[in-house]
Amino acid sequence: MSLDHFVGPAQFVQEPVISNRPNATDRDGPVILTSLPVQSIPYFARVAVDLITIAIVGLIGLHIQTLSDLQMANGSIALAEIIHFHSILYVAYVTWFATCLIFFMQTAGLYVHTMSHSGMDEQRRTLQATLTAGFVLCGTAYLSHGEVISRQAILVFVLGAALMLSFRRALWRRMAYRRYREDIDTRNILIVGTGEVAQQLRTHLKSLKHLGFRFKGFVSLSEAEAKHYNSELIGDICDCLSLAKLHFVDEIFISVPAERELVIDLVQRAREVGIDVRIVPDLYTGLARKVPVEFVGQIPTLRLHCNELDFGSVLLKRALDLSLTSLALLMLMPLFLVIALAIRLDSPGPILYRSERIGRKGRTFTFYKFRTMVKNADALKATMEHRNERDSVLFKITDDPRVTRVGGILRKYSMDEIPQFLNVLFGDMSLVGPRPPLSAEVEKYELSHLRRLEVLPGMTGLWQVEGRQNPSFESYISLDTAYVENWSIWLDLKILLRTVNVVVQGTGT
């Protein structure tokens, strides 16, 4: 049985509602498209903070080593050379220790994006990884005849690293608990099955909020299961991916046996829309032989990953956004004031045009542009639908009578987009990314289209620089999806350079 014909309107859910409340909870009403958890502390950031912690402790150990050298030198004229040599050797040892420690922590599962183990277990693993790296360091020093390095410095360094890393993880876990209690940075899940195992899993996840999961509902595997009353049953397996679309689910837990072909088909389709699938391991022997067992609290699961984006590079992308945006706002502030004055003198109405758009993971935000049309342009749109030159989703008229004189100039050189630098500064948008869609567009999305909502929308993107010759809905969806799946910082820089060329040539409209 295939799921090809299953991706249709859900039978158990209400019509989609676009929420303007970030991280709205279930008690707020029938919220469907909500702000969803993202990996708040990416892998790259976790490793970087651990390395910084090791470096700080290493400086303390280096100070102790220098004091030891001063005592041993006893006025030697070669004191500077001794300290210099020992410092280089000490830094080499610290670098080797850091390399070993990151490897051992990675092996111990301390860099996973969900808290799949308790705080005590995390502290135990941290201490075990640190001491193991410490033993490797001591063995290396012994084999390399590193007696010149103070044992006291090595001891203080290893114990200090263990203490500081444990404190750092405890502090971050406490911060994560607070965010999870407020339904921030959690991961939305569906549970396939309504039987005893599913109920135990639901109870287990509810009692362990530190795991960071937000339960959205049960999905029945058969009509027999659906007949049993369950207030949290929101649909059946036929609607599973439609429900995942409506609730922006991050993971699907399969807690009951099902036909092998059905599960494989579900896994493949879930991967296409960026959803992970977890399976109770005993149910599907051989389905994923090389997939390791990952514990969710005390429950073993097999996690079949989708092709996730490189969240470790998000920090670099954000740094690029903030630096270039700050520079652009400073340089363009005089132009901003001139344009604002021109708009005010040209036609009555506000200077800025505000629109509700859908951002990352379905979160709504206020989108800013300079007003380029008459004051009642949105009201006039309905009377001009017959002149639309795009498909039914997008709306575009070549000689739009609603555009003002100043608006036409702003559009030609894309200067109406300047206020979106504020959206970038606020964190709602990025300099480069998919086009920010309207809620009406998102409601017409197919499952594969949701891939473009995995990242922040952008002021410019592949569609703006590549897709102007084919301005169809499918064209811009295809280009935006390609951007998400092939993102790199170099691609962003290339798009920015091509955007500058588009603006200079005046082909923005």
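Placement of Cβ uses the backbone N, Cα and C atoms for every residue, glycine included.
Taken from TrEMBL, the feature transmembrane segment applies to 43-62 (among others).
According to TrEMBL, the transmembrane segment annotation covers 82-105 (among others).
Under 8 Å from some Cβ of the transmembrane segment (149-171) lie the Cβ atoms of residues 49-50, 53-54, 56-58, 60-62, 64-65, 68, 86, 89-90, 93-94, 97, 101, 110, 119, 122-123, 126-127, 130-131, 133-134, 137-138, 141, all in the same chain and six or more residues away from its ends. Feature annotation from TrEMBL assigns transmembrane segment to 149-171 (among others).
Marked as domain 'Bacterial sugar transferase' by TrEMBL: 317-504.
Marked as transmembrane segment by TrEMBL: 322-343 (among others).
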Report summary line: Near the transmembrane segment (322-343) in space but 6 or more residues beyond its ends, with Cβ under 8 Å, are 349, 351, 370-371, 404, 406-407, 410, 415, 418-419, 421, 424-425, 431, 496
Report task. Grab the pLDDT values for the domain 'Bacterial sugar transferase' (317-504) and give me their mean, rounded. Result -> 84
